[in-house]
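These notes are about the structure you will find just below.
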Amino acid sequence: MIRIFLTGYMGAGKTTLGKALARELHIPFIDLDWYIEERFHKTVGELFSERGEASFRELEKNMLHEVGEFEDVVISTGGGAPCFFDNMEYMNRVGTTVFLDVDPKVLFSRLRVAKQQRPILQGKKDDELLDFIVQALEKRAPFYRQANYIYCADKLEDRSQIETSVQQLRKLLNLHIAS
């Protein structure tokens, strides 16, 4: 049974690598944010705004526990999910966790072009964006680093790099993957 949780900051490549890894392993991929949006028929941003952070994080935890019961699956979490309640401990208990570690400057270059799709980043100037990323990573790193594995996901700029990363992840997780 395979149950892999990909964690990391927004823009780390959780969805990109998760889809590619799941395809390689011939198992389903679940993006926790998409799962929540599908269930509640609202975007994560709308749910966050309407319910407030505490209520949203409780909902997120419940949905994490729901998908955490699925077998033979790759799951990407929201960037904040590992940092609340006992979510990291839970994921480590029921599956294999991988923290996609990305240099803040690489995250900056990825998020800079995707600012409009991420409400929390809209309106931030370049220097503010980099500071925001660095500060958020400092707060979240202690949670992310509780993952079973840490994988440097700096190089995901084209199909070849994604494929290389998938093969490296397969090797890294070899003890847990028998496909």
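Yeah, the Cβs are placed from backbone N, Cα and C, and that goes for glycine too.
What Swiss-Prot records for the ATP site is Gly11, Ala12, Gly13, Lys14, Thr15, Thr16, and among Arg118, Arg145, Arg170 the residue it adds there is Arg118. Between the CA atoms of Arg57 (substrate binding site) and Arg118 (ATP binding site) there is a gap of 18 Å. Apart from the site residues Gly11, Ala12, Gly13, Lys14, Thr15, Thr16, Arg118, the chain places the Cβ of Gly8, Met10, Leu17, Ser76, Leu100, Arg110 no farther than 8 Å from the centroid of the site's Cβ atoms, the recorded ATP location. By the criterion of other Cβ atoms within 10 Å of the residue's own Cβ, the least surrounded of the binding-site residues Lys14, Arg57, Arg118, Arg140 is Arg118.
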